[in-house]
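Visitor: Annotations for this protein, taken from TrEMBL, read as follows:
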- Cys118: active site, proton donor (ACT_SITE)
- Lys22, Asn23: phosphoenolpyruvate binding site (BINDING)
- Arg94, Arg123, Pro124, Val125, Asp126, Leu127, Asp309, Ile331: UDP-N-acetyl-alpha-D-glucosamine binding site (BINDING)
- 7-410: domain 'Enolpyruvate transferase' (DOMAIN)
- Cys118: 2-(S-cysteinyl)pyruvic acid O-phosphothioketal (MOD_RES)
Amino acid sequence: MDSIVVTGNGPLSGRIDIAGAKNACLTLMPATLLTEEPLTLQNAPRLSDIRTMTLLLQSLGAEVSALQEGRVLAMSSHAIDNQRADYDIVRKMRASILVLGPLLARFGYAEVSLPGGCAIGARPVDLHLRALEAMGATLDLRDGYVHAKAPAGGLRGGIVDFPLVSVGATENALMAATLAKGTTEIRNAAREPEIVDLARCLRRMGAQIEGEGSHTITVEGVDRLGGATHRVVTDRIELGTYMLAPAICGGDVELLGGAIELVGAFCEKLDAAGIAVEETPDGLRVSRKNGRIRAVDVTTEPFPGFPTDLQAQMMALLCTAEGTSVLEEKIFENRFMHAPELMRMGARIEVHGGTATVHGVEHLKGAPVMATDLRASVSLILAGLAARGETVVNRVYHLDRGYEHVVRKLSGVGAKIERIQGS
Ligand SMILES: CC(=O)N[C@H]1[C@@H](OP(=O)(O)OP(=O)(O)OC[C@H]2O[C@@H](n3ccc(=O)[nH]c3=O)[C@H](O)[C@@H]2O)O[C@H](CO)[C@@H](O)[C@@H]1O
Ligand SMILES: C=C(OP(=O)(O)O)C(=O)O
């Protein structure tokens with residue numbers, strides 16, 4: 001298995017291109033299932049999760065071609081001949097559940113393997129299922145699969161009232177509602193930029209949607225959707241991750257394609273920690289002058305709050321802050337697995353349930369560490385950039401799910417980082 005070797009070597013400077021969002025692309029791709037006309041996505045990230053979604057769509061009979069070195073995905077679902085999403089693919093990626101709503105809405109039937117738990121938490125899909133039931137679907141859980149059936153005549157609009165905010169369940173409900181008969185109101189909807197991006201793409205395909213980005217989304221079902229070409233929104237998590245690179249080891253880096261509105265709550269915490277962020281014509285510039293980072297407290301929340309997907313990376317920064325920071329993880333019940341690995345590098349962290357208390361130390365020391373999930377992996381790389389000596393991050397396949405060309409991007413701004421091929 002490959003590993004990444006990072007050696008702390010001082011301030012960074014230069015520019016990093018931020019890719020299209022993994023989490024937007026993973027919901028835009030299943031939207032192809034809603035129409036027999038072509039859907040083309042531009043600014044797609046080149047990631048293993050995107051390849052997994054490609055395989056899943058192809059297993060259903062969709063045509064998916066990666067053009068321009070993977071930056072453009074040309075898809076067509078005119079010949080879907082299978083409505084069963086198999087365990088072998090679904091188990092690799094939780095976002096696979098996002099084919100359920102579109103398949104059910106267009107074909108009236110779908111079988112999708114339950115994705116199961118994962119390292120960061122149990123992550124049930126009950127809210128996805130409740131949303132589809134509110135549109136008249138009958139669901140049966142058998143042999144580890146969800147067997148979903150629409151009523152005769154297709155899904156019907158209804159009230160989907162989520163008891164808690166779920167990004168994926170909002171996406172499934174939104175996609176299904178576009179082809180349901182009548183009006184669907186999605187209450188307590190997620191407001192993430194990826195939801196807004198999905199709604200914009202669906203609207204280009206002919207859907208009638210209002211209210212995306214607010215708590216209530218209203219969808220007027222249409223008989224059919226057409227094709228579209230859509231540019232995937234910037235990846236706010238990749239953006240935040242690379243904003244932390246100059247924050248953690250000093251310097252001045254411009255993030256091309258970045259925008260404050262994607263990372264508002266995160267920028268407020270950087271400001272409190274003493275990191276300067278300014279808008280430029282091409283994106284955002286982050287700089288850190290001399291002196292230590294200040295400790296800050298962070299609580300993860302649904303958008304527009306501080307994202308759980310940046311919690312691990314923020315913890316890496318706070319390990320060397322002056323003072324004590326408290327991080328509260330409110331979205332996933334087991335998302336501090338990076339803490340013991342950071343402690344191997346000399347960090348002082350105490351974890352009690354969903355709270356991690358980080359006592360800042362002067363500096364971290366390089367060590368061999370193990371990546372446990374996607375964002376944990378990159379937090380260890382960030383910590384390694386600021387540590388004294390060499391850090392070897394093992395098990396980097398998690399990283400390939402969500403970060404394209406991480407070595408090229410970071411070495412382009414002066415970091416000492418290389419990938420070692422495993423056996
Ligand atoms: C592919 C993708 O876009 N992944 C993102 C998406 O995941 P995902 O869509 O899976 O996350 P959710 O927003 O659904 O999860 C939020 C919380 O709701 C719970 N829940 C969710 C669904 C459900 O049916 N029942 C239930 O109890 C989850 O266990 C979790 O505690 O949003 C998360 C929260 O911002 C991000 O960390 C993930 O990177
Ligand atoms: C948790 C993440 O992704 P997924 O929902 O695909 O597991 C993530 O992007 O940090």
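Placement of Cβ uses the backbone N, Cα and C atoms for every residue, glycine included.
TrEMBL: automatically predicted annotations, no manual curation.
As the structure is a computational prediction, the values presented were derived from the model and not from experiment.
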Visitor: Suppose we draw a 10 Å sphere around the Cβ of the residue listed as 'active site, proton donor'. How many other Cβ atoms does it contain, all chains included?
Guide: 14
Visitor: How many whole Å apart are the CA atoms of Val125 (UDP-N-acetyl-alpha-D-glucosamine binding site) and Cys118 (active site, proton donor)?
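Guide: On Cα coordinates alone, these residues lie 12 Å apart.
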Visitor: For a quick check of understanding: given the listed UDP-N-acetyl-alpha-D-glucosamine-binding residues Arg94, Arg123, Pro124, Val125, Asp126, Leu127, Asp309, Ile331, what is the maximum Cα-Cα distance in angstrom, as an integer?
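Guide: Spelled out: the longest distance between any two Cα atoms in Arg94, Arg123, Pro124, Val125, Asp126, Leu127, Asp309, Ile331 is 22 Å.
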Visitor: Please list the binding-site residues from Arg123, Val125, Asp126, Leu127 whose Cβ falls under 6 Å of any atom in ligand 2.
Guide: none
Visitor: Using the alpha carbons only, what distance in Å do you get between Ile331 (UDP-N-acetyl-alpha-D-glucosamine binding site) and Cys118 (active site, proton donor) once rounded?
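Guide: Approximately 14 Å lies between the Cα of Ile331 (UDP-N-acetyl-alpha-D-glucosamine binding site) and that of Cys118 (active site, proton donor).
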Visitor: When the Cβ positions of the recorded positions Lys22, Cys118, Asp309 are compared with the atoms of ligand 1, which fall under 6 Å?
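Guide: Only Asp309 qualify.
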Visitor: What average pLDDT does the predicted model assign to the domain 'Enolpyruvate transferase' (7-410)?
Guide: 97
Visitor: Using DSSP and collapsing to three states, where does Asp309 (UDP-N-acetyl-alpha-D-glucosamine binding site) fall: helix, strand or coil?
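Guide: SS state of Asp309 (UDP-N-acetyl-alpha-D-glucosamine binding site) = helix.
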Visitor: Drop a 10 Å sphere on every Cβ of the binding-site residues Lys22, Arg94 and tell me which sphere holds the fewest other Cβ atoms.
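Guide: Output over binding-site residues Lys22, Arg94: least Cβ neighbours within 10 Å is Arg94.
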Visitor: Helix, strand or coil for Arg123 (UDP-N-acetyl-alpha-D-glucosamine binding site)? Use DSSP.
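Guide: It is coil.
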Visitor: Using C-alpha atoms only, work out the spacing between Pro124 (UDP-N-acetyl-alpha-D-glucosamine binding site) and Lys22 (phosphoenolpyruvate binding site) and round it to an integer in Å.
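Guide: Between the alpha carbons of Pro124 (UDP-N-acetyl-alpha-D-glucosamine binding site) and Lys22 (phosphoenolpyruvate binding site) there are 21 Å.
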Visitor: Do me a favour and check the Cα-Cα span between Lys22 (phosphoenolpyruvate binding site) and the residue listed as 'active site, proton donor'; whole Å is fine.
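Guide: Cα of Lys22 (phosphoenolpyruvate binding site) to Cα of the residue listed as 'active site, proton donor' measures 18 Å after rounding.
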